[in-house]
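What follows is one structure encoded as structure tokens, with my remarks underneath.
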């Protein structure tokens, strides 16, 4: 696993913000100070794990780091930050927007609501505040998504199965709330917030309003 992480870190360093780079196994081997055969095996493993996508363009190997590969790096970053006692509070800034209108349905389900009360200590307003993150705060959002959070267990009712949810402590203008992520979800540039209060009304928010969320990756906020 150590070589996997080092390879991802090396590829990311070479790829930059676009997460894509043309690189041969020989070039990766030189960067990692390993044999070309080892580098080739690592690339195959990264591809098999879904951490990267490999394609050939003009006879050159192009490697793109996938979201799951980035998640590995962000989890490692969170762990190192915790060990070194860096601040565990992160600022998120984004624009309020409409969701799909499903928040009320899910938040009101007894299987979720009972756990919100027991594990989060809140009886949430039946709905979510949807926020589209500004580009310069995407790294912070990814860090939050890849921290442990408080786990809300999935459940079944007579009609269907409901998946687990991770909740992360946050505050908006001093109001206690939680950022929520479905357990099986890919990274998106939007996130949802739940609170005991109807945040749109409490904070007089309209679509497009820029809002600041102070979030925690260790649950202490």
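Keep in mind that glycine also has a Cβ here, set from the backbone N, Cα and C atoms.
The shown structure was predicted, so the numbers you read here are calculated from the model rather than taken from an experiment.
Taken from Swiss-Prot as is:
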REGION    1-89  region 'H-T-H motif-like'
REGION    90-221  region 'Riboflavin kinase'
BINDING   99, 100, 101, 102, 103, 104, 197, 198, 199, 200  CDP binding site
BINDING   128, 130  Mg(2+) binding site
BINDING   185, 192  FMN binding site
Max CA to CA distance in Å over the CDP-binding set 99, 100, 101, 102, 103, 104, 197, 198, 199, 200?
20
Tell me, how many other CB atoms lie within 10 A of the CB of residue 101 (CDP binding site), whichever protein chain they belong to?
8
So what's the average pLDDT for the region 'H-T-H motif-like' (1-89)?
93
Tell me the coarse DSSP state (helix, strand, coil) of residue 192 (FMN binding site).
strand
What's the CA to CA span in angstrom from residue 101 (CDP binding site) over to residue 128 (Mg(2+) binding site)?
9
The region 'H-T-H motif-like' (1-89), counted residue by residue under DSSP: helix, strand, coil
56 helix, 16 strand, 17 coil
In three-state terms from DSSP, label residue 128 (Mg(2+) binding site) for me.
coil
What counts of helix, strand and coil residues does DSSP assign across the region 'Riboflavin kinase' (90-221)?
31 helix, 48 strand, 53 coil
Which of these binding-site residues is closest to residue 130 (Mg(2+) binding site) if you go by CA atoms: 103, 185, 192, 197, 199?
192
What is the nearest of the binding-site residues 99, 103, 128 to residue 192 (FMN binding site), using the Cα of each?
128
